[in-house]
């Protein structure tokens, strides 16, 4: 029968499955799991007690294939199938064959059960055909052939187990025609590099087979050659396997085992002992675990519990124990403990079960789980309980206790427990005995007794070689352990040599997906890291992940560990992008396994942030530091002292980015944590306040608040919850509180500085600046003015008034006095600021433009302020500047300012700050300040004309300008022009206001004064 019987190029490679009696005594007992599973499966399917549905097959509804050919065949099968045509349907075409073999290959119990009727019918029909087949044979021995593709892993397993039992994972179709089978074998082209061709020569004594076989050529209807079909589950002995150099194929000799075969009897006896107390269904899940099919096993056990398949508490206990085994492998320790406790509850529920061996096993495993979580006291407690059980497993318990003491670095006590484990081992437990010697060797190595360690390793090898031979995977454990001891001694080359030896044993004896490769690849990687050969280390760590993904789901913790190792190496190589990429894989893995608030997530967020920090990508670094902090705050208060490192780095990064508000906030958070520590560490507090001071020293703009949660920024948003609003309010209070504390601290600090015998002027000046800024944040403008004035006076003792280093001080003083409505003083500071800036920068510089913008705003303020007062007193009042130099200085800057704003009117200087109306007002006011009223009148008249063009009837602004112009004419004794402008103002006021409005009344008085002036 061809193995490529599919209309869609489906390649079937019926697998060979080995049972090794040697493996059963070794630490690799699980290698026999697949063989046992298939024997259990066929027994379960053929057992008359198994309650299968007797309804007619409905394969189409169950499988719902996409392929139209498959759809047609399955529908036809469902409609026409009869039990006497079972072999016909199985051999007829690809569809039934394909779906059945796939179900068997994947060990999907539900899918296999869908074919239960067909499998039973094939078995029944083969038994009937067998009777005729035997009668036609002159001899009891037949020789048939099977050509097929086989995985190279299977070749290795077969080579390592000559003389052992094997079976196939499906029905085995063979040919009596050697030439035809050989032709099929040599002409097959393997679709992948993992496959190769093999020709099996099978010898069968047809008088005593354990399962039926028969010639089925007459049932197929299109074959001239004898075709013998062996029932699924037939067991053979592998007599020989070799590579035929001439034919370029593998060849193997098999002998069918009958019921009386001694090896078969030993196997069945061993199996019966192993299954004692367990049903086939539970054992099916157990062997899925041994095959490392953890997800499939978990679904199997959960389904058994969900369907309430058992009432017997022992069976329920085994179900929960099976789930524990999966939980442990997946590092789900909380669930593991839960299932172990359920196991014990089921067993202890009935007094007759108090002596069940699973009780000791579950207690030992509780000790193992707690040890894994480093809860060693609990671990020892459960191991001691296990020792007190009626049916105990002393070697396992003492080995577990030894592991705990080893982790606690009490190596002598570990050795004592290992000796007890050794004393209690049965003499036939070669694998466990060797493993105990390996553990003893590791303990001796830890206490620097390498000689004794090597003696123990020799004893381990002696025990292993006695029964397993030199190529058994158990030996790889010993060679690896010896290699790692040499690595600890610094001899990494010797270590690599031994680990490589272990690896080659594994290659020749294990399937390529076996978990042993994961550990070996990781050892290679670790050793190359120690040697500084990072590229080689990367190669093996990538191989580690590749192997793990064959066994575990992507979110398994071991895969996260491997990705982390890879990320660490790329970080060592300064390949930040690849490092981040792999640590992101760790993060995705952990997010899938943990809820937010778990500290493991915090650590990974921080690791990614650290890499971005080293890469100098501070934006992304901040993003992930914040994620780490947010994750921590799920379960911690903001003042928790464990948050000190994260606050420190976040504050530092914001300071680097000149994000001063955020930097100040996180320095305050940092300070708050330290203030919770008792006693206070004064040097640390001083250092934090020093950093807070630096934040204030970097403040450049007067209107820049350093309070991130300033009240003016808090607005109840439409989408804000009550909790978020309360949080905002709490943040406001937090910042205000620390603002008060900072003010108090720096005022005391200033007092100390001023009391020193030799005052440090630099420190004093910085403190003035800091205190000035803190006062600004508190909106204490008088206090801020005092500190900045003190700072300026101190600086002017050793610097010229136009020194560029004074720029920031003048800017702050100008803004503060502007805020306090002291416009003349504000003008004085901004003039000084212009002088400082223009020492190094041209008039077109933005800073110059911005300063003139503030000067313009001052003149606008002076203009509107003096609408209340009598306007024309402005140009008659004497200037405060009595010093001739000050008078000249003011005149110089008035001229400069006037020129600047005239250019604006001439459109020589662009502005987005002032309207043309505002510029006319500013220029007119500057002219008044210069005591040039006629020039001022010219600009006011131009302004009136501009306004009347936009609003012919005039508006309030026009009325005010008319009134101001009238005041100026009145002061110039031009009463007629004064009267004309007052009357124009009155017309507008009367249109806008009632007759008793102050503006109307005042203007009428002015008109009277203009008509009847006092001469």
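Yeah, the Cβs are placed from backbone N, Cα and C, and that goes for glycine too.
The feature repeat 'TPR' is assigned by TrEMBL to 395-428, 434-467, 476-509, 518-551, 560-593, 602-635, 765-798, 959-992.
Over the repeat 'TPR' (560-593) the predicted model carries a mean pLDDT of 96.
Remark: secondary structure over the repeat 'TPR' (434-467) totals 31 helix, 0 strand, 3 coil, with classes taken from DSSP. Beyond the repeat 'TPR' (476-509), the same-chain residues lying 6 or more positions past its ends with a Cβ under 8 Å from any Cβ of the stretch are 27, 156-157, 159-160, 434-435, 438, 441-442, 445, 450, 453-454, 457, 460-461, 464, 516-517, 519-520, 523-524, 526-528, 530-531. Highlighted: of the candidate stretches 434-467, 560-593, 602-635, 765-798, 560-593 has the greatest count of Cβ pairs under 8 Å to the repeat 'TPR' (518-551).
Taking pairs at least six residues apart, the repeat 'TPR' (560-593) and the repeat 'TPR' (395-428) share fewer than three Cβ pairs below 8 Å and do not count as touching.
With DSSP states grouped into helix (H, G, I), strand (E, B) and coil, the repeat 'TPR' (959-992) comes out at 31 helix, 0 strand, 3 coil. Residues of the repeat 'TPR' (602-635) grouped by DSSP class, helix first, strand second and coil last, total 28 helix, 0 strand, 6 coil. Assigned with DSSP, the residues of the repeat 'TPR' (560-593) fall into helix, strand and coil as follows: 31 helix, 0 strand, 3 coil.
Under DSSP, the residues of the repeat 'TPR' (476-509) split into helix, strand and coil as follows: 31 helix, 0 strand, 3 coil. In terms of DSSP secondary structure, the repeat 'TPR' (765-798) contains 29 helix, 0 strand, 5 coil.
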